[in-house]
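Asker: Handing you a structure now.
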Amino acid sequence: MNNSSELIAVINGFRNSGRFCDIDIVINDERINAHRLILSGASEYFSILFSSDFIDSNKYEVNLSHLDYQSVNDLIDYIYGIPLSLTNDIVKYILSTADFLQIGSAITECENYILKNLCSRNCIDFYIYADKYNNKKIETASFNTILLNILRLINDENFKYLTEESMIKFLSDDMLNIKNEDFAPLILIKWLESTQQPCTVELLRCLRISLLSPQVIKSLYSHRLVGSIYECITFLNNISFLDESFPRYHSIELISIGISNSHDKISINCYNRKKNTWDIISSRRYRCSFAVAVLDNIIYMMGGYDQSPYRSSKVIAYNTCTNSWIYDIPELKYPRSNCGGVADDEYIYCIGGIRDQDSSLISSIDRWKPSKPYWQTYAKIREPKCDMGVAMLNGLIYVIGGVVKGDTCTDTLESLSQDGWMMHQRLPIKMSNMSTIVHAGKIYISGGYNNSSVVNGISNLVLSYNPIYDEWTKLSSLNIPRINPALWSVHNKLYVGGGISDDIQTNTSETYDKEKDCWTLDNGHMLPRNYIMYKCEPIKHKYPLEKTQYTNDFLKYLESFIGS
């Protein structure tokens, strides 16, 4: 006798011939003979049953008629060394039986089989099963598979068997794999139609209402399973009072723009969620000290230096939808560098900077509307400056800090509207070269230079400005002081990355924890190179449907974009 497998084979031979068998498992009219000792060694259920007062020690049979005979028989064979023969059709029955009999190794083997074979064709079936039998491992895996394949599953025959509670979980999840929020109501409507169940307010609350197009909102109003429910109509009538929603994880692409070594190319990088790395998707010959603005998913780069010693008036752009460069854009009114860039729904703005002729500071704000042949002067800053923070919030252009005459930083904060300039609460410290972002109705700035006289102190400060109360709040400082970093917001979280620290460009990133008010180094968003950063922008996926007129079959039209 060399090993345990040979021993179990001999014992199985005894079972087949009836030798030493001391128990019969009875299931309806079927009997399975076995040995108490062997069953007790493999099954916690049998171990407790045979070593307690559950049955008379002299009794030679156990009735398990509430279980599936074939599954019990397969598991008894498994205990006696015969491998399980698993398929998608039978694995659920064997797993639930193994779970009842508490045969740990069989449970693990069945779970591993399901996890290995889990796909869009069976994930709903396994999710319903796991939910019923409280198997968290399979439930989590199948839940994530449904999230990933949700648009493929809305026409699956099992889609209608998902419960309202399950649909609330799916529709609420940030990881729901849709590239545009308009697809979430489509998922909801397809489920309502398959179940013929009227909509509820709880289901509508799962949608990111503020991100929906007017056409889809109209589709919700007009659908019989939504529009006929008074509570649902009341909810939709009050959507203007709902808080702003954050896009789902898959509905945006995170794009960064930067340069690494001197005279290196401009790099356009896209964040790869699966690998937690940045992929360089395009590059273009060297340019530095330019302004960046994003409009309609096109990244515009204005002015700066190229490989010549002179400032440039050229404007180039990168289309994130077509992954192509655009060069036929009207030039700025004159060459400039170290300027600021923002955009509203119509215009791109180039603000301040340094002029090429005599390196004088610029006060003009020029703007350009795509399709127009030239740039126009829109306004002038009160004090000429460069390297300031700029932001567009609530239709106002904010200009923050910057470098003014005498190479000193300033602490001014002013906003421009159609009525002119307005001064606001000054910065707590004079700053320039910081990164700026609008997040959750506030302006955030981080890093840069700070000094009351000569520009020379690298900052790790992070500040937020509340326009309602006209006040600045100091947040926890960055771990690494840096100038010209990128500050960005994704899924209600703040990140900062790149820039220059101690005269060396860095590729490190940090994440802000709002509850703990602290920044932590974030290896997941570490940049591919040491970058001076010009922008890190979440790009929302757009579809042609956004400019389509509403029709009664708009949701069917929307469905035609699945897979595109």
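Positions of Cβ are set from backbone N, Cα and C atoms, glycine also.
Feature list, courtesy of Swiss-Prot:
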DOMAIN    21-88  domain 'BTB'
DOMAIN    123-219  domain 'BACK'
REPEAT    252-297  repeat 'Kelch 1'
REPEAT    298-346  repeat 'Kelch 2'
REPEAT    347-395  repeat 'Kelch 3'
REPEAT    397-441  repeat 'Kelch 4'
REPEAT    442-492  repeat 'Kelch 5'
REPEAT    494-539  repeat 'Kelch 6'
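In the displayed structure, how are the listed features positioned relative to their neighbours?
Answerer: Taken together, the residues in the domain 'BACK' (123-219) have a mean pLDDT of 95 on the 0 to 100 scale.
Residue counts of the repeat 'Kelch 2' (298-346) by helix, strand and coil are 0 helix, 21 strand, 28 coil (DSSP-based).
Long-range Cβ contacts of the repeat 'Kelch 4' (397-441) within its own chain (Cβ-Cβ under 8 Å, at least 6 residues beyond either end) map to 244, 338, 340, 342, 349, 351-352, 361, 365, 379, 381-391, 447-455, 459, 461, 463, 465-468, 470-472, 474, 483-489, 492, 494, 496, 499, 533.
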